[in-house]
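Some features that TrEMBL has for this protein:
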TRANSMEM  24-46  transmembrane segment
DOMAIN    39-288  domain 'G-protein coupled receptors family 1 profile'
TRANSMEM  58-76  transmembrane segment
TRANSMEM  96-118  transmembrane segment
TRANSMEM  138-156  transmembrane segment
TRANSMEM  196-223  transmembrane segment
TRANSMEM  235-259  transmembrane segment
TRANSMEM  271-290  transmembrane segment
Amino acid sequence: MEMRNTTSDFILLGLFNHTTAHQVLFMMLLAIVLTSLFGNALMILLIHRDCRLHTPMYFLLSQLSLMDIMLVSTTVPKMAADYLTGNKAISPAGCGAQIFFLRTLGGGECFLLAAMAYDRYAAVCHPLRYPMLMSWQLCLRMTMLSWLLGAADGLLQAAASLSFPYCGAQEVDHFFCEAPVLVRLACADTSVFENAMYICCVLMLLVPLALIVCSYGLILAAVLHRRSTEARKKAFATCLSHVAVVGLFYGAAIFTYMRPKSHRSTNHDKVVSAFYTVFTPLLNPLIYSVRNSEVKGALKRWLGTCVNIKHLQNEAHRSR
């Protein structure tokens, strides 16, 4: 086989072709991406501006929105540029950067969701001790640890993936560089790396997932023992939002990274990757805003403030 060194560009074959149906799908995808960016940016803005949302839970939610914005920004602009210009080449440095950011954000989100589950456990099961169990210091430490563990995983996977020699045309049948897809092109034995990557993914997915399941199991037991129907409904509403986000994210991640090689399909990989890099970031702000009265209240107050400012500006302009 023809051998190429790691300085040759890779070719991303992309998600769409230029048929009419795929052009419509491409436009729909761009609309979803813009809505996702707007929704997550709005969530960060509301949490930053409204003092009622200055709590550990909403700080963690703002970090989730930040990760989602960065996740979308890592993959979609390059995919869109490739589709519109026809230039599908990506340098090894660009490919490594995509792997690094994807794994940093994906791994970081795993641990961040576990921190959010612990926050809900402390709030629901131990409301009187919540300020001590979920202090701002602990919240910031868990957030920093989520970013650092994700970054360590991303750095290792990016460096290891680019250390192999690659063969032939170096065509990556995907719309972004992803380590499991990239190493299939390597002209060397990658079994040790693939096994290590599989073990790493299992640990980074299943350990936080076990903590999440344990937290929500304890929350469910505590809620069922409450006599107040109103308190029970409020706890269920908050926790159902978190469980929905966890289910969407972990379902896609487990399907992508924990399937045996014999069950892998390129088309399935593309669809699932599009789901967790594009659709999940859109659903997160929708789930948290629609089912959360505090976020809806913050949005109404912010819109009211904007209307009042506009009204005052118009009055000042008329008085001149």
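Glycine is no exception: its Cβ is also placed from the backbone N, Cα and C atoms.
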Handout entry: Any contact, the transmembrane segment (196-223) to the transmembrane segment (96-118), with at least 3 Cβ pairs under 8 A
Key = yes
Completion exercise
Counting only residues at least 6 beyond its ends, the same-chain positions whose CB falls under 8 A of a CB in the transmembrane segment (58-76) are 29-30, 33, 36-37, 40-41, 43-44, 47-48, 98, 101-102, 105-106, 108-109, 112-113, 115-116, 119, 139, 142-143, 146, 175-176, 245, 277-278, 280-281, 284-285, 288, 294
Fill in the blank from the handout: Relative to the transmembrane segment (96-118), the stretch among 24-46, 138-156, 235-259, 271-290 with the most Cβ pairs under 8 Å is 138-156
Handout entry: Taken over the domain 'G-protein coupled receptors family 1 profile' (39-288), the model's mean pLDDT
Key = 87
